[in-house]
């Protein structure tokens, strides 16, 4: 289902970029690109951590099913808007709903992975599925470009290209339906006995608290945020350079760089599990960001060939950071709040990207050659390295940190349940409180289920 979901995103995103930015019937400058990205990503980034609570309150299988169906419906609406020549604002508002549903699906898939993969293979499994998903994103983009060549680059052709994404979204929904109920969790819903409205209302608070209490997760999110800022700067530079270098509209050059980025992401599937097992997540993140500094400095040549080579390296770095972050959240975060934490990650992911594009749009040169932006990107990577260095506890402390976070979350849930079920008769409520506290054997069983230091790392 992850592959079908990512293929849907790839086709839709490429069709949207082609239909708005590289459409001869429409015109867009760097500021328009930044505005479009803000409309697409920021609203969900704000509500995502709240909505992510639903992944910890409802059956994740049902959420994935209906989110995919809604996504397919909204893609069809966007296709109609493009075909009829609706203003860019209308198109982007429709695309906003598609993007929100897509990120919701991605968070649900990541939160549910520990229910279908044991912890001793979680790093390798996550690397495989996440990287194959990224590869399918690129395959979808290439597929969209192929359809666009046949259907045309105008409004009608762009709409026809987008229809392919509708079909794939429906397939993804059908695959989600194949999971048994509750197989993807949550095992113990957050805020049990409360309404979904209440779960959404406290979603951001629970997700943020869980991140703050887990240093490995906080460090990984810092690395992801740093890379996304750099990626946003590079994205805008690439789009402007592609349009002002060589002949044609530049879409072929953008496609080449996207392909190189996908190749780097694919390599991460093989490199990340080995690096994490040998050196730990902390050293892997620091090394990846350090390599990113060198790759980013090479972009000062503003050569298309160098851009392609650097894209492979930066694609690798971005995927390594993402994989380390996903594993941290799957291992170090309690299942009852895991969906909310993945939504917090989405917020960091999108806000950092949009903020970078918005700032870059105000300073970028008309032809895209702006050395200052490259220097800023290098500094951001260095800041990310420093944060990971001082925040991440290192491999020797991971198990203790995860045990503490899981135990603290369990105690909080028990206290809330006891408070909700408290009766006026103190004698009746006492046995309930006692039964909610695990026996020593139960506590030992809980700890024994946690990963060993090498597995956690």
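Backbone N, Cα and C define each Cβ position, glycine as well.
Automatic prediction, not curation, is the source of TrEMBL annotations.
Sequence annotations record features per position, and here TrEMBL assigns compositional bias 'Basic and acidic residues' to 405-421.
Feature annotation from TrEMBL assigns compositional bias 'Low complexity' to 426-448.
According to TrEMBL, the feature region 'Disordered' maps to 401-457.
What TrEMBL records for 31-55 (among others) is transmembrane segment.
The transmembrane segment feature in TrEMBL is assigned to 62-83 (among others). Panel annotation: around the transmembrane segment (62-83), residues 1, 5, 8, 12, 16, 19, 54-55, 90-91, 94-95, 97-98, 101-102, 104-105, 108-109, 112, 155-156, 158-160, 162-163, 165-166, 169-170, 172-173, 176-177, 179, 181, 184 of the same chain, lying at least six beyond its termini, place a Cβ under 8 Å from a Cβ of the stretch.
The transmembrane segment annotation in TrEMBL covers 121-145 (among others).
What TrEMBL lists as transmembrane segment is 157-176 (among others).
Residues or ranges marked as transmembrane segment by TrEMBL: 217-242 (among others).
Residues annotated as transmembrane segment in TrEMBL: 254-276 (among others). Same-chain residues lying 6+ beyond the ends of the transmembrane segment (254-276) with a Cβ under 8 Å from its Cβ atoms: 17, 123-124, 127-128, 130-132, 134-135, 137-138, 141-142, 145, 238-239, 242, 283-284, 287, 307-309, 311-320, 323-324, 327, 457.
Per TrEMBL, transmembrane segment is recorded for 288-317 (among others).
Look at TrEMBL and you will find 347-365 (among others) tagged as transmembrane segment.
Counting residues 6+ beyond its ends, the transmembrane segment (372-392) has Cβ neighbours under 8 Å at 215-216, 218-220, 222-223, 225-227, 229-230, 233-234, 237, 281-282, 285-286, 289-290, 292-293, 296-297, 299-300, 360, 363-364 in the same chain. According to TrEMBL, the feature transmembrane segment maps to 372-392 (among others).
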CB contact flag for the transmembrane segment (217-242) and the transmembrane segment (288-317), at least three pairs under 8 A: yes
